[in-house]
Amino acid sequence: MVATTKTQEAAGRDGWSSRSGFILAAIGAAVGLGNLVRFPAEAAANGGGAFVLFYIFCIALIGLPVLLSETLIGRHGQASATRSVERMAAESGASKAWTGLAGLGVLSAFMILAFYCVIGGWVLYYVGIFVGDLFTSGVTGGALAGMSASDIESIFPTLLEQGGMMSILDAVFVAITLYFVARGVSGGIEKASVVLMPAFFLLLIGITVYGAFTGAFTETLAFLFSFDFTRLTGPVMLAAVGQAFFSLSLGVAGMITYGSYVARDVNLAKTSTTIALADTSVALIAGLCIFPIVLAAGLSSEGGMGLMFATLPHSFQSMPAGSVIGLAFFVMVGFAALTSSVSLMEVPTAWAVDRFGFARPIAAGTVAALALILGVASAYSFNALNDFHPLGFIPLFAGENLFTALDSVTAKLFMPIGALLTTIFVGWIAERRMIDAENGLRGGLDRFWFFLVRWLCPAALAAILIVGIFPDILGT
Ligand code: PHE
């Protein structure tokens, strides 16, 4: 029975048109605001070099094994994330309850999608500002002519006061995402990635080279690559693991879903390695792109979201051709965010198609509408709903508004739990022959990978969860 359905589905099911189509789409999913906003901010907050080195270590020993685990579950199942896990569990004689790990991922992807598109809307706002600025400041002048430093820095807080404006921008970003997801895997998602990702890389390299010649490049190198190991404390290590995770899009069933569209003859170990290498390179290059610009303007290298939305716009002012660079920069961020939001919308869409038999455009449209409702509510949590703390009864999330709660609950709880369950499932529950048939590894490398999935990853993830939920354990 199962085999027949599987063959029928595989035969009629959309999928990546080529190996490189899959790699570009998966890199598009991985590379996003996490690399461009979160990585530089985390590196700055956690002391630079030692964090960066440990981050690379985490990508190799935890991120990469989990990435391969997720894609192989998907490729084996050839169906939505929940159905893929269900199949592997059934064929291994394990409980159907394991499907829950993918169900949690589908929910997380939806929650991230909701607030991610609000940030995507902010990026659109800055694209608009720099387009307008090109007309006023001209191509050769610095950006934002005639504005004082405090005028520029107040753009972002002023935007956060405007719930209506943010909702409209959110709707635009959701609509663009929906356009690609509704068109399907090969005809929409892959096409977007194949065009947007190379454009993204060109812009990234262009701005980085520009920064290297005009900005504080030597200071940046010293900051990012000088290893002061006394700064490698417990919390710094945890921050690095969490960042590795968010950046590779793990624990939200996204890579299970993308893996399910991969052809049988693709070597998943090789493609996973390429994806992880590309994602890490972009994070490092983003650091080399952003810090020279910020440091050259003598601005602080700290400050989370403010680094991109308040500090950077300010630093474009002192640059030659600042409005062109500013525009190029935010277009680049928008492209990266879009290929990630597309991957986030695809997860619940594929699930709804599978679960309820909806046509893809209906499924995607429903997901988009619901994500917009949640997104608009979260946009208002910076103003009208500021005092609404949905999870106030849980100490860990006590002070969070809806927007930050969506981020924290997924990053601190659901993603690590999802990935922990994935490694236990692949390392202990699923039959080894299915894993071996999919993973593309042999000999010593296969044994080493399996050791990581079976022992190191679950142990490390359990530790992160415990210390994340009870931060006092580390005494800091
Ligand atoms: N990895 C994406 C980024 O770095 C975010 C993301 C997380 C996308 C989870 C999909 C799933 O921005």
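The chain as shown is numbered from 1 upward.
The backbone N, Cα and C atoms fix where each Cβ goes, and this holds for glycine too.
Record features (TrEMBL):
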- 20-37: transmembrane segment (TRANSMEM)
- 49-68: transmembrane segment (TRANSMEM)
- 97-116: transmembrane segment (TRANSMEM)
- 123-144: transmembrane segment (TRANSMEM)
- 164-182: transmembrane segment (TRANSMEM)
- 194-217: transmembrane segment (TRANSMEM)
- 237-263: transmembrane segment (TRANSMEM)
- 275-299: transmembrane segment (TRANSMEM)
- 319-338: transmembrane segment (TRANSMEM)
- 358-382: transmembrane segment (TRANSMEM)
- 413-430: transmembrane segment (TRANSMEM)
- 451-470: transmembrane segment (TRANSMEM)
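Same-chain residues lying 6 or more positions outside the transmembrane segment (319-338) and placing a CB less than 8 Å from one of its CB atoms are 28, 31-33, 35-37, 116, 119-120, 123-124, 126-127, 130-131, 133-134, 137-144, 173, 176-177, 180, 192, 196-197, 199-200, 203-204, 206-207, 210, 214, 293, 308, 312-313. The stretches the transmembrane segment (451-470) and the transmembrane segment (358-382) do not meet in space: the count of Cβ pairs below 8 angstroms, excluding pairs fewer than 6 apart in sequence, stays at fewer than three. Most Cβ pairs under 8 Å with the transmembrane segment (49-68) belong to 237-263, among the candidate stretches 20-37, 164-182, 237-263. Only pairs six or more apart in sequence are counted, and the transmembrane segment (20-37) with the transmembrane segment (123-144) gives fewer than three Cβ pairs under 8 Å, not enough to call it a contact. Just going by CB pairs under 8 A, the stretch in 97-116, 237-263, 358-382, 413-430 that sits most against the transmembrane segment (164-182) is 358-382. Within the same chain, residues 65-66, 69-70, 72-73, 85, 88-89, 92, 94, 98, 100-101, 104-105, 107-108, 111, 242, 245-246, 250-253, 450, 453-455, 457-458, 461-462, 464-465, 468-469 sit at least 6 positions outside the transmembrane segment (413-430) and bring their C-beta atoms closer than 8 Å to a C-beta of that stretch. Within the same chain, residues 110-111, 113-115, 117-118, 121, 160-161, 163, 166-167, 170-171, 174-175, 177-178, 181-182, 184, 345, 348-350, 352, 388, 401-404, 406 sit at least 6 positions outside the transmembrane segment (358-382) and bring their C-beta atoms closer than 8 Å to a C-beta of that stretch.
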